[in-house]
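Trainee: The following block contains the structure, expressed as structure tokens.
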């Protein structure tokens with residue numbers, strides 16, 4: 001990780017508690033919803049992507065990606 005700059009997601013008043021599970025979920029759904037809205041152009045969705053990768057464990061993202069691929073993900077926004 002040498003030379004890689006780590007950043008955490010900025011404060012979001014919708015999620016004031018320390019438990020950031022819902023914040024992680026919201027950024028995952030918001031990122032893929034944004035990409036869907038812009039027809040695959042993820043350059044406009046970078047804020048959601050950075051927050052998602054900062055807050056969510058890689059195992060969760062991987063699991064949700066598998067659910068999306070199998071059309072089992074529990075949100076119609078992605």
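Each residue, glycine too, has its Cβ placed from N, Cα and C.
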Trainee: For the record in Swiss-Prot, which of the ranges 2-12, 13-23, 24-34 is the motif 'Cx9C motif' one?
Mentor: 24-34
Trainee: Within 10 angstroms of the C-beta of residue 24 (disulfide bond), what count of other C-beta atoms is obtained when all protein chains are considered?
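Mentor: So the number of other Cβ atoms within 10 Å of residue 24 (disulfide bond) is 22.
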Trainee: What's the number of neighbouring CB atoms sitting within 10 A of the CB on residue 45 (disulfide bond)?
Mentor: 19
